[in-house]
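*Asks:* My questions all concern the structure below.
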Amino acid sequence: MSSRSASFLLRPAAALYGVVMSLRNHLYDRGAFKSWRSPIPVVSVGNITTGGTGKTPLVDWIVKFYEASGIPTAIVSRGYGRQTKGVQLVSDGKRILLGSRDAGDETAMLASRNPGTIVVVAEERVEGVQFLMREFADRLPGVIVLDDAFQHRKIARDLDIVVVNAGTPQELDAMLPAGRLREPLPGLSRADLIILSKITDDAKAAPLLQKLRETGKPVLRSKIKPGKLVKVDGSENGATEPAVKALAFAGIGAPEGFLHSLEKAGITVKATKFFRDHEPYTEAAIRSIIEESKRQEFVPVTTEKDWFRIADNPQLTEMLAQAGCRYLTIAPEFLDGTEELEKRLLSVLETKVVNWPLSPP
């Protein structure tokens, strides 16, 4: 069965899901469902589709902006793909306490990239925020960044940022499970700011850009900038290596973006192996990657997020280190609106912190 046929058959379920999400949003908008408001300013970064929008690099950029501005910051994330449940402290801002298996690959990467930041995972973000306020009452953060929380309306936010992938406009055509929309497009009316990410061609992105601007919300444009190609054995941490002939492997939501970043870095991709988003790597999968790389004399290259998923397993780590594996770092690069984003990020700091403890929501 073709993917188009499968999508058509799933349309009734998608329509029902859309009705449920619309009703849920309506009840929140009318006040029938309540959102708890944190006394610490909250910035939410989320998306309206599943996976692959560039949300995590943006969270990293925002945290670094606040820290550079002298504002202590905390991250609260769901920790997608983790094997733990409930509230877990990933980093206390002094040391990293959990790896990707217990924190989720994206959260583990954010904690590693921001060693001075408190990082908590919790399915219920309210519980995560209240936990960090209890546990860190002597050094409360000045702002909390929620990772992937646009649909998590149990907690109010002072700034709601939505990231949309410019490379896959067709994802906005159908609800889950027929498509990748998490909620109907009118939900974008809740956003304070929309970022059209991963732009590789201005002309191709123009129709989606116009569609997003019709929401009346400010729309910023960004692309992904490739960074360093890092050897996983730690022997080198420098610039990219254009001479590398790569076997690219990844388990992410939009692997075509990874391939584009490798191309922009001047790396020649000779072969690919892709897995499902957040899928755990097995010894057999890694062995297959290494064997093909050796046979073809290619270098195995993956994403930084994938590497954090692998790094919890010493055996797989050693296998890839001996094979000369690298991972590519990335960062968002704004094509316009940087000052607008920074202005809005600073404006939320006008919210005052009140005394803890608070009444439960």
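Residue positions begin at 1 at the first shown residue.
Heads up, the Cβ atoms here are built off N, Cα and C, so glycines get one too.
Fair warning: this is a prediction, and the values are worked out from it, not measured in the lab.
Marked as ATP binding site by Swiss-Prot on the basis of sequence analysis: THR49, THR50, GLY51, GLY52, THR53, GLY54, LYS55, THR56.
Distances, neighbours, how buried they are, the whole picture for these features please.
*Replies:* Sequence-distant neighbours of LYS55 (ATP binding site) (same chain, 6+ residues apart, CB-CB distance under 8 A): VAL45, GLY46, ASN47, ASP147, ASP148, VAL163. In the three-state DSSP reading, LYS55 (ATP binding site) counts as helix.
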*Asks:* Within the chain of GLY54 (ATP binding site), which residues six or more apart in sequence place their C-beta under 8 angstroms from its C-beta?
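*Replies:* Result: VAL163, ASN165, SER197, LYS198, SER222, ILE224, GLY257, PRO332.
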*Asks:* Using the structure shown, find which entry in GLY51, GLY52 (the binding-site residues) has the sparsest Cβ neighbourhood within 10 Å.
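*Replies:* Least crowded of the binding-site residues GLY51, GLY52, by Cβ count within 10 Å, is GLY51.
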*Asks:* Taking the centroid of the Cβ atoms of THR49, THR50, GLY51, GLY52, THR53, GLY54, LYS55, THR56 as the ATP site, which other residues of that chain lie with their Cβ within 8 Å of it, listed in sequence order?
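*Replies:* Apart from THR49, THR50, GLY51, GLY52, THR53, GLY54, LYS55, THR56, the close residues are ASN47, VAL163, ASN165, GLY253, ALA254.
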*Asks:* Among all protein chains shown, how many Cβ atoms are found within 10 Å of the Cβ of THR49 (ATP binding site), not counting that one?
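*Replies:* Its Cβ shell of radius 10 Å holds 21 other Cβ atoms.
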